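Below is one structure; the comments refer to it alone.
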Amino acid sequence: MSISKFVTMSNGVKMPIFGLGTWQARSYKIVKSYQSSKESVISSVKTAINDGYRLIDTAAAYFNEEAIGEALAETFKEGKIKREDIFITTKCPPTFLHPQKQEDAITSSLSKLKLDYVDLYLAHFPCAYGDELKPEKALHDCKPEDIWKGLEKLYEKKLTRSIGISNFNVEQIHRISKSAKIPIHNHQVELHLYFQQDDLVEVCKKYGITVTAYAPLGSPGRTSYKLPNGFQPTWPEGPAPLENPIVQHLAKKYSKTPAQILLRHLIQKGIAVIPKSTNAKRITENHQIFDFELDENEMKNLYNVAQQPRLFWQDFLIGHPEDPYKEERGKQQKNSV
């Protein structure tokens, strides 16, 4: 089975099926420590590009666009790649999702990234806020359909080659698709062995929306995440995909790492993956997934793994009328009683 190294969006733009995720690869100071230094972010991006990565995923909310921009500028100056050789994704933060503020957000991102355009611009969430992520600052009159109309204008102005969404639910996808002038090109969501999101993936296929999996390894480093003010969120417990017995068995069979098995599983399903790492060895290892193939029974066994609740609940969205996980939260509360 030959796997394409690209997924093609409905507008014909090709996006690499494998890329570098940079959530937690931050270049700001947190209290008395660094989550990831600016130098570490620059080094990680350059290591990835030198290893053949051609997709870098970031977001305004990751606070690392400036460091990534420096890495890209240095790489271009060194003549290793040209701008058209690399695919850059970034995201509009919730406090800039109102259509009247989106252009300011993408202009700021482009300035930090030192680029004239990005290849994919995503609405980071379906929930728009004022100047703070607080329930009382929720913009009740700004629906996902309104957010999408704003993105369409950015696309028409050629500030981005494609547009998409992140962390939206099925119902919100239906609503946008009914009124969209330009179809959704990509949807980036939490997706991994224990949270395969079959229903959502099928809806995306119906509308010709490509899917990107964030946390494709189950985000083992999520528990060390801290906000800029030093606050450390609590995370739900869940089984680790890297420790799954089937994954461990396949890793031994193919002489691969568990991470490589998990990533191969997803790209064989046509889902793009953006594993995050700032470790040079793992950055290189994660990319070595195009020289083997899981057979039909192995894919089936991985597909049949018992599913678990999501890990990324985005609790700051609670109380917003467009909270995409409202129904799931209700079910979780009932199950915990």
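Every residue, even glycine, has its Cβ placed from backbone N, Cα and C.
Curation plays no part in TrEMBL annotations; they are all automatic predictions.
Annotation source TrEMBL lists domain 'NADP-dependent oxidoreductase' at 19-302. The active site, proton donor feature in TrEMBL is assigned to Tyr62. Among the features that TrEMBL reports, site 'Lowers pKa of active site Tyr' is placed at Lys91. Here TrEMBL flags His124 as substrate binding site.
Within the same chain, residues at least six positions away from Lys91 (site 'Lowers pKa of active site Tyr') with a Cβ under 8 Å of its Cβ are Thr58, Ala59, Ala60, Ala61, Tyr121, Leu122, Ala123, His124, Ser166.
Counting every protein chain shown, the number of other Cβ atoms lying within 10 Å of the Cβ of Tyr62 (active site, proton donor) is 24.
Neighbours of His124 (substrate binding site), defined as other CB atoms within 10 A of its CB across all chains, total 22.
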